[in-house]
Each structure stands twice: as structure tokens, then as C-alpha cells.
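This report refers to the structure that appears directly beneath it.
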Amino acid sequence: MPTSATAVAPSTGSVQKKDQDWRAILSPEQFRVLREKGTENRGKGEYTKLFDDGIYSCAGCATPLYKSTTKFDSGCGWPSFFDAIPGAIKQTPEAGGRRMEITCAACDGHLGHVVKGEGFPTATDERHCVNSVSLKFSEISSQ
């Protein structure tokens, strides 16, 4: 169930844990994706079709990563965002150069990939293709 979010500032500290500590707080699927760079099945993620107002945080360390205002339906089968909260993610080029791996800047958890230049009508022409299992959604309640 979504929780209420108040702040949208990314974590500035580095979250480091041993594998046994990550296993204690993550589900087996979360561990496989976040810590072993896996990918969840296309179209099966909890947040693929969620477009409520809120914040998407790292499921591993709770660092806010994406605002719902940057989420869009790309049709790829995973949650898609055109931009992250500044400083929240790291991008690392993969072999071939077309895709960039994205990880949480605080805990290095694998989130997914960024693909650029696909022509989506967004402000950045980027698609951050993120595994739902890497995320935790917090609804922003209207006041």
C-alpha cells in the first residue's frame, strides 16, 4: 500500500551493506534485480501502469529517485521516466554505447537502463526503463 511522501531530496550518503544484510531486507526478486543486475519479466511489474501522483524511491535504501510527473507510457513493459531527481541516479555506459545502466546513487542498486534518442515527445528524449521491483512508490496526498 502506498505511503505518504513529504520530501523529495535525494540521499547524500552512501549506503553500503553486505549481501547477507541485503538479503535480510529485500525479497529474493528484489535482491536478484537490485544486487545481481537482473531484469524482471516484461509487463509484470507492479508500477508499469501506475500513474498516481507521488515519488518512486529505491526499494533497497529508500532514496527518492523519480517524481511521478516524469513518468510516461512508453509501451516497453516496464515503468518509464524521462528524467530522475537530480543526483539520485548514476549512469554507466554499456558496451555498444546505446544504453546506459542506471543505479541508485546512494546504494548502487541496479534500477534498469536509459535509452536515448528514441523520439518520445518528452523534455529529454530519454527513456529510463526501470524494474518495478527496484522501486517503492509513495503517494503524495493532496492537502
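Just so it is clear, glycine is given a Cβ too, placed from its N, Cα and C backbone atoms.
Residues annotated as domain 'MsrB' in Swiss-Prot, with sequence analysis given as evidence: 19-140. What Swiss-Prot lists as Zn(2+) binding site is Cys58, Cys61, Cys104, Cys107. According to Swiss-Prot, the disulfide bond annotation covers Cys76-Cys129. Annotation source Swiss-Prot lists active site, nucleophile at Cys129, citing sequence analysis.
Features per Swiss-Prot, on structure.
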residue	record	DSSP class
Cys58	Zn(2+) binding site	strand
Cys76	disulfide bond	coil
Cys104	Zn(2+) binding site	strand
Cys129	disulfide bond	strand
Cα-Cα distance linking Cys129 (disulfide bond) and Cys104 (Zn(2+) binding site), given in Å to the nearest integer: 13
Inter-residue C-alpha distance, Cys76 (disulfide bond) and Cys58 (Zn(2+) binding site) (nearest angstrom): 21
Proximal but sequence-remote residues of the same chain as Cys107 (Zn(2+) binding site) (Cβ under 8 Å, at least 6 apart): Ser14, Val15, Gln16, Lys17, Leu34, Cys58, Gly60, Cys61, Thr63
Which of Cys58, Cys61, Cys76, Cys104, Cys129, all recorded positions, has a Cβ with the fewest other Cβ atoms inside 10 Å: Cys76
